[in-house]
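The annotation Zn(2+) 1 binding site is assigned in TrEMBL to Cys419, Cys423, His455, Cys458. According to TrEMBL, the Zn(2+) 2 binding site annotation covers Cys446, His452, Cys478, His481. Summarising the annotation, TrEMBL assigns domain 'Recombination activating protein 2 PHD' to 414-491.
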Amino acid sequence: MLLQMVSTVSNSSLLQPGFSLLNFDGHVFFFGQKGWPKRSCPTGVFLLDIKQDELKMKPVFFSKDSCYLPPLRYPALCTLRSDARADEYQYIIHGGKTPNNDLSDKIYFISLVSKTSKKITFQCTEKDLGGDVPEARYGHTMNIVHSRGKSMSVLFGGRSYTPLAQRTTETWNSVVDCLPSVFLIDFEFGCCTSYLVPELQDGLSFHVSIARDDTIYILGGHSLQNNTRSPNLYRLKIDLPLGSPAVTCTILPGGISVSSAIVSQISDNEFVLVGGYHSDNQKRLACNTIVLEDSKIEIVETVGPEWTPDIKHCRMWFGCDMGKGSVLLGIPGANKQIIPDANYFYILRCKGAEDKEEELITQTCSQTSSEDPGDSTPFEDLEEFCFSVEANSFDADDADTYNEDDEEDESETGYWITCCASCNIDINTWVPFYSTELNKPAMILCSSGAGHWVHAQCMDLSETMLLRLSEANVKYFCNEHIDLNKGLQTPQKVMCLKKPPMKPLRKKKTMKLSTSTKKSFLRRLFE
């Protein structure tokens, strides 16, 4: 085995744990970045170009009839062909986490529409399912099996959030193992069926699954309920007759207690197992060879590469299969790096990687991902992402290379600024607070000086007040400038309303009549 370091160019901060990668015609694409896509690549899908030991990324486009694909982390992926020997295929993506830490239960199909030296276009469609639809989850696997001329997808494992009825304030964001159900998904008719087999008692996540014809082998995995890594090796056999499918499970000897391991295929029936963890804080540096013959599987330990001191002493590592006997590994960078969150990457070339390239029918699927720091278990601090790429170069114009320096810095001018001293809005942890928010926080303009934007949530504005301010044509001052504005503001001069003086009422003059005059007047009145 040969271990070779790969350098990243100007965009290494995008290569964070949680990515997934697709391989079309020997070219590698990835999506699932940590955070929402920027304007330079609204699809969030990039071409991963490795040339002369340098890694570059180039934006990818979606066709007009495509649906929206959120940047999902830790989903399950597999390839789907019309039949086992077909050359054309598409990727299936299920589950995963959004940047808001919501779990997805949707299934997407991605296919390559066109590819030129200047532009690559994908088509993304969403598939509706009925029946026993799998719940939203992450850290699971999905494979395609072929039996009696028919094909089905098999989904197993993963984690999900605690059900709403069982949540408390302290355990609101806690995750639990999904039930150990085996889901058979028929994409032709859009229906799902779940099966419970007695051999699978505990839920598993971040395990390895290898599918060959009508059989799936499940190796390793982590159980949150018992905080153990299963030493069992399971063999799932799927029979697809004309009637109802049949699922049988057998526990085989010779398993390995490991989680987040990586499998790479080096020949038609031979694989290499590298990486993973023995325990929460102990990496697994040993390597194994897996050989499949008919209905048998053999796992033997093999000589690994000469690991560098950085790999040996780092607390965590991550990576995934690059195809054709190569594995991409990553370790966290030093804190003193100029670019924050940057990682170091290596390519591990296994035995047989120099052989003639050929399309291999056998599928492998491994969840080499853990969770973000700060979640419910120590094991989830070992966050990783899934790579399944080719190291071949794509001869595209370097002018199309994605460069973060060309992107407007949204941390300074966008929604993810530090608006005040007490601002706690972070792009990686933010969740909608107001009903009007979708994927960006609500902001309001402070009229102090030249004006600046602040987050409505940081200003402790109620939703009613926020709507009232947005509808009214009034000036708003943030919490830091409201007192200053009051001190500098000159009270407006109140104009007194002058009223004309009222004229006094004049008394009416009355005439006094004598007694003789009154008698004379009355006499004339009655005559």
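Heads up, residue numbers simply count up from 1 along the chain you see.
Heads up, the Cβ atoms here are built off N, Cα and C, so glycines get one too.
If you compare Cα positions, Cys458 (Zn(2+) 1 binding site) sits closest to Cys478 out of the binding-site residues Cys446, His452, Cys478, His481.
Packing around Cys423 (Zn(2+) 1 binding site) is summarised by its Cβ count: 15 other Cβ atoms lie within 10 angstroms of its Cβ, all protein chains included. Under DSSP, residues within the domain 'Recombination activating protein 2 PHD' (414-491) fall into helix, strand and coil as 16 helix, 8 strand, 54 coil.
Looking at Cys446 (Zn(2+) 2 binding site) and His455 (Zn(2+) 1 binding site), their Cα atoms lie 10 Å from each other. Of all the Cβ atoms in the protein chains shown, 20 others lie within 10 Å of the Cβ of Cys478 (Zn(2+) 2 binding site). Cys478 (Zn(2+) 2 binding site) and Cys423 (Zn(2+) 1 binding site) are 12 Å apart (CA-CA, integer value). The least crowded of the binding-site residues Cys419, Cys446, Cys458, judged by other CB atoms within 10 A of its own CB, is Cys458. Confidence across the domain 'Recombination activating protein 2 PHD' (414-491), taken as the mean pLDDT and rounded to a whole number, stands at 78. A C-beta separation below 8 Å, combined with a sequence spacing of at least six in one chain, links His452 (Zn(2+) 2 binding site) to Cys419, Leu445, Cys446, Cys478.
Cβ neighbour count for His481 (Zn(2+) 2 binding site): 18 (other Cβ atoms within 10 Å of its Cβ, all protein chains included).
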